[in-house]
Amino acid sequence: MGDKLRLSIGILGNGASLLLYTAPIVTFSRVFKKKSTEEFSCFPYVMTLFNCLIYTWYGLPIVSHLWENLPLVTINGVGILLESIFIFIYFYYASPKEKIKVGVTFVPVIVGFGLTTAISALVFDDHRHRKSFVGSVGLVASISMYGSPLVVMKKVIETRSVEYMPFYLSFFSFLASSLWLAYGLLSHDLFLASPNMVATPLGILQLILYFKYKNKKDLAPTTMVITKRNDHDDKNKATLEFVVDVDRNSDTNEKNSNNASSI
């Protein structure tokens, strides 16, 4: 009964993770359409790739016992493919400055994964020590992946806008981490359960922020130039220009702008 329940939770976790990995398709369709990465960050996708690489390796028979963690291999293998595509698209449309940022995070991830596989395969002789080593690296990778939206959450709080924190990405992150937490506990595997003990509360926090700010727009000031012309003297037409800051979230300023435009 326990094994069947664990397998069922693993299948549900696969489904939730698949939704999590495919959620950025909406974001990258926007990037592709506008041919710009705008204010989106590539850091979460690079960290997700690192997580997928580590846990695919963790689930293979060279680290785990036989195919006891097959669900990890299947879903993280798909994740590697999807995240690689997302990172390529981001890099292609990113500004030169953003491309440097991608390289600074992407190269250490690949080097870190290479070292992890080499050390676990060549230094340790048994599954127990390999799982302990790779699982420890996976713990860091998972916390980095689930914690990477903290950068976006900070932006949400500053701008009071959820434009760059899509709902489905936050929801599927919470759902996937909750299911993998249950899977790890049922498997008595702390290396699977521990990172999701951190990820689940972070997912809840993202959802709280989303629902708090979802109906609010960016509060960044917008500059408007209003011109008033004096037509009493055709030869000397005076033009008065002044600048006002418009708070797009303020009904009062909207009314003042409408009145000013009718002068």
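Backbone N, Cα and C define each Cβ position, glycine as well.
The topological domain 'Extracellular' annotation in Swiss-Prot covers 1-7, 64-71, 125-132, 187-190. According to Swiss-Prot, the feature transmembrane segment maps to 8-28, 43-63, 72-92, 104-124, 133-153, 166-186, 191-211, an assignment based on sequence analysis. Among the features that Swiss-Prot reports, domain 'MtN3/slv 1' is placed at 9-97. Summarising the annotation, Swiss-Prot assigns topological domain 'Cytoplasmic' to 29-42, 93-103, 154-165, 212-263. Under the heading domain 'MtN3/slv 2', Swiss-Prot lists 133-217.
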Can you tell me which parts of the same chain pack against the topological domain 'Cytoplasmic' (93-103), counting only residues 6+ beyond its ends and a CB-CB cutoff under 8 A? 31-32, 35-37, 42-43, 46, 87
Per the Cβ under 8 Å criterion, with at least 6 residues separating them from its ends, the topological domain 'Extracellular' (64-71) contacts 7, 10-11, 13-14, 58, 127, 131, 183, 187
Tertiary contacts of the topological domain 'Extracellular' (1-7) (same chain, 6+ residues out, Cβ under 8 Å): 71, 183, 186-187
